[in-house]
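Written below as structure tokens is the structure these notes are about.
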């Protein structure tokens, strides 16, 4: 079987065992790597940046927050661009623009200018998460869209891992700017790979809908209490997750551990748990329902992050592994729920989830540093526990409301 088979009939999408399908898989994997490697490359370097530039933890964390804030602001506008230009073309523009701003941020002569370039980098990167799933759904046979989506998600996890585990030890050895620059090079190569490997669009049709139509869909989704709770899951859980990863390095590099940055970077391998738990959670959500899975992982997140208060590296590491796996399970379920439960446009509902998801990263990823400076590591951990409990209570409220309506109906 090959892709030319479809030339004489209606286009239904690439299928496994074809060159186009393999190229699409590789392209989406590389797009995920290119995006998330550079987005989170400063995270493991924050203690080194604080020491070098002589700024506090919450100020250093703005390097992450500005980028994710830009991404959050840009997700919905990029969806409009993709409707006009096509998904692949818009994603290519996004990656190339991000690369330029990434280089500019690394060589920026002042910290404030670096923050400006990180914001612009985040705005540019917003084009990939905004459009990747739409590109996938248009170019892959519907029966295989789920497994193809898993490849893109794996790319985002691998990218986030690369950005952290490569930048930090190199930064410890040669300086934080060098560490970030190496990741930018990797992201650039991955972006070029996406351009060369991903097949040209065959399922894209320029949207005839106006911006007004999209805004009506957004407003319609915001009228659903269940969807609002789903969006808040992304905001609250991602906020706590990023705060832990932003500031755990500060905790481990000071008393009583005094670990070097290169050793601390090894904790980011816990990120691999996302590859394991995301598809597992999706299967469980199909069987038991999204709310059940979200409520099941909440205690795991609370207990595991509490282990970060134990003055033992192994306890912290095992807690981080469980916490990371539980977070990615919750994220995969909540993001899927946002699309499945949409009342007025799945694309807009997914965009709203992404907006809240990265807004949470920006806000609480920074606030965790404020609490770290004011109350030490316990302040950051307690914030994460509170956010997780609030997220769980919101799901409970949805379940109770649904049962009441069912009894009345």
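Cβ coordinates come from backbone N, Cα and C, glycine included.
Annotated features in TrEMBL:
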| type | residues | note |
| --- | --- | --- |
| DOMAIN | 20-403 | domain 'Major facilitator superfamily (MFS) profile' |
| TRANSMEM | 21-40 | transmembrane segment |
| TRANSMEM | 60-80 | transmembrane segment |
| TRANSMEM | 92-111 | transmembrane segment |
| TRANSMEM | 117-137 | transmembrane segment |
| TRANSMEM | 149-167 | transmembrane segment |
| TRANSMEM | 173-197 | transmembrane segment |
| TRANSMEM | 227-245 | transmembrane segment |
| TRANSMEM | 257-276 | transmembrane segment |
| TRANSMEM | 288-310 | transmembrane segment |
| TRANSMEM | 316-343 | transmembrane segment |
| TRANSMEM | 355-374 | transmembrane segment |
| TRANSMEM | 380-400 | transmembrane segment |
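Using a cut-off of 8 Å between Cβ atoms, the transmembrane segment (257-276) and the transmembrane segment (316-343) share at least three residue pairs, counting only pairs 6 or more apart in sequence. Among the recorded stretches 173-197, 288-310, 316-343, 355-374, 380-400, the one sharing the largest number of Cβ pairs closer than 8 Å with the transmembrane segment (92-111) is 173-197.
The stretches the transmembrane segment (355-374) and the transmembrane segment (117-137) are not in mutual contact, being linked by fewer than three Cβ pairs under 8 Å (pairs 6 or more apart in sequence). Sequence-distant contacts of the transmembrane segment (117-137) (same chain, at least 6 residues past either end, Cβ-Cβ under 8 Å): 24, 28, 31-32, 34-35, 38-39, 42, 62-63, 66-79, 81-82, 87-88, 90-91, 93-95, 97-98, 101-102, 104-105, 108, 145, 148-149, 152, 156, 201, 204, 347, 350-351, 354.
Here the domain 'Major facilitator superfamily (MFS) profile' (20-403) has a mean pLDDT of 90 out of 100.
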